[in-house]
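A.B. asks: Structure incoming, see below.
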């Protein structure tokens, strides 16, 4: 029956109404109920024939299912829309989101609940507002759709229409008494969303309906949001309409100019100077009441520059692009505050430009500053850390010197991030645990890349001690992957993933130097994964024993010298020798096998099924157990 259900689903998906009818012809009522309620899984989506037909706009199929087979309109599934995964979506939600008006009318006329919500509390009306379909929006509202239902983030239909730039939908919702001053969880209103996206007609419409100028949860007004996003026309409109004080007006102009200096999509150094100069003139407009800047202390990442405090100082750097770039970063940090989530992005962008121009020292200064800001704000930094591994690898590949203190600094931040991500994984909801675990494992791999890079860097004895301390600190936390792999397991495993943007030019696994360094810093040589495998069990399965003989040989020697038990058994009762996949690893292992009397005794106890639990000291129980 499952095979038939697949054909039924395919016919519904492709709009083949006659094929669908033929497949269901002369079937019993229970069979039909099963076939039309069967949830098919495809590409991460879970849907019934009705849901997929509605999603794809097949009105004839939908009509057949509703009128002839009386399929329930409230079936729910999981669908993908514009890169988003929507759980708990009905056929009506799908039809509204995909813009299939005829299907929407069919479903509503057959009793579909216009206010049914998905798992994230999204309604069919919200889906239509996202897509900008005014005809569907009007129809749903006329059929009692509630315009005030917000999603789980308290984001309303008006907000999503404002953000997506659907002016006609925004106007209609306002006419239907949608609240222009409703706030999302983040404290933002529809005016914030429209201003950020630069939809000036919607900003005008919202102002006409007396939308209030309020701060969001990050202390940002719509004016500041527009300035930070380089939306100059919106800034100028709000300055002409909004009743803002002199300081707010000046800071909006400064923030706008500063943002143009370091924005990938909107970079314009002429506008940077223009708006910074306008703001400076406003500061000095009234000679009796000059509004002085509260400048930040010099910051190393910004070349220890001090922000321009008068028109003459600003004019002096007019032709100096680099100085204007730094001025922009300083101004943004002063106005937005170091803890603002948006402060770090332009710093990272400017650092990337330096890296592209082979000015690595400047790049690293800026990225370290951004990393510290993000960690101070308790932001997820797995991408930032990986970025360092990439640029350090690029430098080594180009024979550029990497400074050991920089590696140590990033390793220290990496340990902190891994510790925080371990706590996130423990305390997160089941729905988000997969993503959190991905980030956490990514951080472990990045840490190993950084350790690998450190082995290829000139270090003083003091620098090496500092690096080793960070490695020790992480080993002490004993982080594990989903498979139970320790750092040592990952270091000896050819399946450990290596990032392919510069990093794989320098880093590879298994890695003898990384293995030795981890062992020197206290890694437990006999630690086991979820299958009971030690690092020795893993390395003897390496499938390049000839071409990479030195790596295989060095790692086996290092592990054995560090106390690896060559007779240790995993959960399948296999020793490393049993797990060897090549003659080379087998020979290498046999030459290192020096069986102690203690190991022989432990194996004899296990081989003869002698009861040893609670008969010998606890430490010896564990020792006998892994033999």
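Please read every residue number as a count from 1 along the shown chain.
Cβ from N, Cα, C; glycine included.
The structure displayed is predicted, hence computed values, not measured ones.
This is the feature table in Swiss-Prot:
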- 45-74: repeat 'ANK 1' (REPEAT)
- 87-116: repeat 'ANK 2' (REPEAT)
- 120-149: repeat 'ANK 3' (REPEAT)
- 153-182: repeat 'ANK 4' (REPEAT)
- 185: Zn(2+) 1 binding site (BINDING)
- 186-215: repeat 'ANK 5' (REPEAT)
- 186, 218: Zn(2+) 2 binding site (BINDING)
- 186: Zn(2+) binding site (BINDING)
- 218-248: repeat 'ANK 6' (REPEAT)
- 344-377: repeat 'TPR' (REPEAT)
- 483-527: repeat 'ANK 7' (REPEAT)
- 531-568: repeat 'ANK 8' (REPEAT)
A.B. asks: The repeat 'ANK 6' (218-248): mean pLDDT?
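C.D. replies: When the pLDDT values over the repeat 'ANK 6' (218-248) are averaged, the result is 93.
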A.B. asks: Take the repeat 'ANK 7' (483-527) and count its residues per DSSP category (helix H/G/I, strand E/B, coil), listing them in that order.
C.D. replies: 17 helix, 0 strand, 28 coil
A.B. asks: Which residues, given as numbers and ranges, are at least 6 beyond the ends of the repeat 'ANK 3' (120-149) yet have a Cβ under 8 Å from it?
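C.D. replies: Hits for the repeat 'ANK 3' (120-149): 81-82, 86-88, 90, 92-99, 101, 104-105, 108, 114, 156-158, 160-161, 164-166, 168-169, 172-173, 176-179, 182.
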A.B. asks: Would you count the other C-beta atoms found within 10 angstroms of the C-beta of residue 218 (Zn(2+) 2 binding site) for me?
C.D. replies: 17
A.B. asks: In whole Å, how far is residue 185 (Zn(2+) 1 binding site) from residue 218 (Zn(2+) 2 binding site) when you measure between their Cα atoms?
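C.D. replies: Counting only the Cα atoms, the answer is 11 Å.
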A.B. asks: Quick test of the contact rule: Cβ under 8 Å, at least six residues beyond the ends. What residues does that give for the repeat 'ANK 7' (483-527)?
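C.D. replies: 386, 389-394, 396-397, 444-449, 451-456, 468, 471-472, 474-476, 533-535, 538-539, 542-544, 550-552, 554-555, 558-559, 562-565, 568, 626.
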A.B. asks: Using a 10 Å radius around its CB, how many other CB atoms surround the residue listed as 'Zn(2+) 1 binding site'?
C.D. replies: 13
